[in-house]
Structures are given as structure tokens and as C-alpha cells.
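If you check Swiss-Prot, you get these features:
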type	residues	note
BINDING	20, 27, 156	xanthine binding site
BINDING	128, 129, 130, 131, 132	5-phospho-alpha-D-ribose 1-diphosphate binding site
């Protein structure tokens, strides 16, 4: 997605060979126009999948998930990382290791909002080692729902998360795939495009 790649190049900051800071438009301050375009792109890519619900994780996955849900006409449920006084019982639970925060979080979804009749699109802001996506998949599977695919805003293709998910037969659609963050520079995966005659 060209507009996203340009935003990453112009406003993203490489902090190390494996950390990209995008808090100017995605995971702290949010650019709503960009989120709208991201939502449209996810909706376009998954429109034939009969999605009934989008599942994401708090907090950075919420904005792109809501915009995609708006385009698809479905609801979003986000996995919580913290216990809530209003959500105590009747929860699906999984453990997720955060690469960025270097900690394990227990994530949960209420059983009241997802069931075996749902066809789910999972959306998240980043895909690195795949732990968040695997945790979300576990929650969806515990509910007996089917997974249509996973939509990722930014995939760090140099880490093994995408490979792990694809090897399990999961459809992963990433809007920007980063090949490298070496030497403080963002390099994107280059996909061959069919020649138009």
C-alpha cells in the first residue's frame, strides 16, 4: 500500500535493526485519513470472505480494525490485556509475549460477543514474531469460530511471524512488508508485479 509506505518513510523512525517507531500516525497519535484508507484496503482484500466479526488486540489494533469493520459493516471485538471490573467471568484467555515490551500478557475476550457462527478477520498493527496473532487465533478457536484471515498494517518480514502463520495455512495480508531496518533505513519487500500489455 503505497500511501502507507510513504507515511512510514516520512514519519516513521528506525530505533534499531528490529524496532520501527510509528507513533506519529499509528500507535500513539492516529492519522484518521490514513486509517480510513487502511480500512478500505482490508475490506477490499477480504470482501469475499463473508466476515461477521473483526478481532484485534488493545490498543494499537483498534483504529485499523474499526475502520475495516465500518467498511465491511461488521462489529469489532478487541482482546483485553488487563483485567476489567466489568469483565470478570466467562472469558476466553490466551498468553501473548510482546516483543516490543518484552513481557507476557494474558489476553481475553468475552464469550458473550463471539461464537461458532462467526467468521473472523483478525487485524493488528504489527506482525513481528507472530505471538499476538497466534494468541488472537487461540481465542477465536476457543470460541469455535472460523478464521478468514489476518490483516496486518506493518509486517516485519525479516522476523519469522508471517512465515509461521502462513505455514499453518493462514491467509495473511500485510499492507506494508518491511524487508530490513538495517543502518537506520526502512527497506520494503519488493513484490514482482505482472507486466501489463
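Quick reminder: no glycine exception, Cβ is built from N, Cα and C everywhere.
Everything Swiss-Prot records as a feature, shown here on the structure.
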residue : record                                              : Cβ neighbours (10 Å)
20      : xanthine binding site                               : 19
27      : xanthine binding site                               : 18
128     : 5-phospho-alpha-D-ribose 1-diphosphate binding site : 24
129     : 5-phospho-alpha-D-ribose 1-diphosphate binding site : 17
130     : 5-phospho-alpha-D-ribose 1-diphosphate binding site : 23
131     : 5-phospho-alpha-D-ribose 1-diphosphate binding site : 19
132     : 5-phospho-alpha-D-ribose 1-diphosphate binding site : 29
156     : xanthine binding site                               : 24
So which binding-site residues out of 20, 27, 156 end up within 10 angstroms of residue 129 (5-phospho-alpha-D-ribose 1-diphosphate binding site), measuring C-alpha to C-alpha? 156
Round to a whole number and give the Cα-to-Cα distance in Å for the pair residue 128 (5-phospho-alpha-D-ribose 1-diphosphate binding site) and residue 156 (xanthine binding site). 5
Residue 131 (5-phospho-alpha-D-ribose 1-diphosphate binding site) and residue 156 (xanthine binding site), compared by Cα position, are separated in whole Å by 13
To the nearest Å, how far is the Cα of residue 130 (5-phospho-alpha-D-ribose 1-diphosphate binding site) from the Cα of residue 156 (xanthine binding site)? 10
Whole-number Å distance separating the Cα atoms of residue 20 (xanthine binding site) and residue 132 (5-phospho-alpha-D-ribose 1-diphosphate binding site) is 17
If the 5-phospho-alpha-D-ribose 1-diphosphate site is taken as the center of the Cβ atoms of 128, 129, 130, 131, 132, which further residues of that chain fall within 8 Å of it by their Cβ? 96, 97, 99, 127, 133, 134, 159, 161
Apart from 20, 27, 156, which residues in this chain have a Cβ no more than 8 Å from the mean position of the Cβ atoms of those residues at the xanthine site? 12, 19, 21, 22, 100, 125, 126, 128, 154, 178
Using C-alpha atoms only, work out the spacing between residue 27 (xanthine binding site) and residue 132 (5-phospho-alpha-D-ribose 1-diphosphate binding site) and round it to an integer in Å. 15
Length of the line joining the Cα atoms of residue 132 (5-phospho-alpha-D-ribose 1-diphosphate binding site) and residue 156 (xanthine binding site), in Å: 13
Reduced to three states, what secondary structure does DSSP give residue 20 (xanthine binding site)? strand
